[in-house]
Amino acid sequence: MTVKQRTLAREFSLSGKGLHTGVLVNMTFKPAPENHGFKFKRVDLEGQPVLDADASLVIDTSRGTVIGKDDVRLSTIEHSLAALTGMDLDNVLIEVDNQEVPILDGSSKLFVEAIEKAGVVEQEAERKYLEITRKMVYKDPETGSEVIALPDSEYNLNVMIAFNSSVLNNQFAVLENLDAFKTEIASCRTFVFVRELEFLLQNNLVKGGDLDNAIVIMDKEISQDELDRLADLFNHEHVEVKKEQGILNNLELQFENECARHKLLDVVGDLSLAGRRIKGRIIATKPGHKANTEFAKLLKKEIRKQDACSVIPCYDPAQKPLMCINEIRSFLPHRFPFLLVDKVIEIKDNYIVGVKNVTVNEPFFQGHFPEEPVMPGVLLIEAMAQCGGLYVLQDKEDKYSTYFIRIDNVKFRRKVVPGDTLIFRMELISPIRRGIANMKGLCYVGDTVVAEGDFMAQIVKA
């Protein structure tokens, strides 16, 4: 069954203190277009830079998940991302006016409630999944953390935590599908050992901390006077120890295994950095933000591999083309030496496949380079763009032209030399609107991707 992408029906805002900075943070969650994904915009900085919720941008995991690029960073993103994923969303823009997402009550509950109130709407584009087809494993020998992915038709998670503590030793949590996230996981709060709390306070690392947004595990004997001192530091009424549970009496546990459930919440949030919804069973033992985000990086590699394999065009030189060079010339204004598509072998509703035979007689090889001829990367991009232009123009009755507006995420993976046959696959990322086409381009030699990029072009009547 086809599942459509989803976004918010309307925007909403939340405010709260950052756990580590203690600064008031305002967040606004906005609907976003198809294939946008989750992105954070730092509206407090010049130019309002945007950070993708992407595992490749993770720069720190010591006290939460932190993403950053250049001088822009954002901390403690995992609870908000868990809520977005748990509420079955795909595309959301989150505006933030500080360097840290507010801790709120230490869970995803308030995010989930706000999403419910705002509503969710379906979009036209289909949702893409990462389907786990083989066992995948990440291990951290230093911490003993292990994350495993196994094939499954649904996204479900098993989490086990283990601490060297008589109060909190082994706990398990299970989420059979995301439908249960709201009721079984979202409200589970973060936890901290009292020994860690003392260190954090001494080093001024929890300026926005509150005894009510974390379960405090009493893993060491501590006097009532010391407890009173801690409560005073947090501007909280005095608390006592629930000896039967080994926690402070400032709050009630919602589940006996609330700590394990919160770790599962973190896993959901961190794995969303892979950038695609998962179909598979995740088994996490002693998970932490480092292990979670490293595993998300493995998942991203698997996504790239699956995408490349799923779209490798089949090329039979004996096959009659859908467009020969003369037909191509009727659509494109380019001429020798700048017409870089020889034929088109396939056109479907959302993609086109074109071919170029690279010979030593290409004029650019005279200077690039005479002793070691290599096709310039910019011409690979130009050739893909021409192929995409054929897709856009092939059903137009009047004369139109396409002009680049933007090129993103360009990568050159292997050099192209005389004798190579280039196969271009240009796929429409979203429906063409207001004369703007967005396409994903892949350039192959055989079954190897040699170049790729994202293209945006404007369609203009000639």
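Positions of Cβ are set from backbone N, Cα and C atoms, glycine also.
Record check, TrEMBL: Zn(2+) site residues include H262, D266, and the candidate from H79, H334, H368 also listed there is H79. Cα of H262 (Zn(2+) binding site) to Cα of H368 (active site): a span of 57 Å. Between H368 (active site) and D266 (Zn(2+) binding site), the C-alpha separation comes to 51 Å.
The recorded positions under consideration are H79, H289, H368. Their Cβ neighbour counts within 10 Å are lowest for H368. Most buried of the binding-site residues H262, D266, judged by other Cβ atoms within 10 Å, is H262. When the Cα atoms are compared, H289 (active site, proton donor) and H79 (Zn(2+) binding site) turn out to be 12 Å apart.
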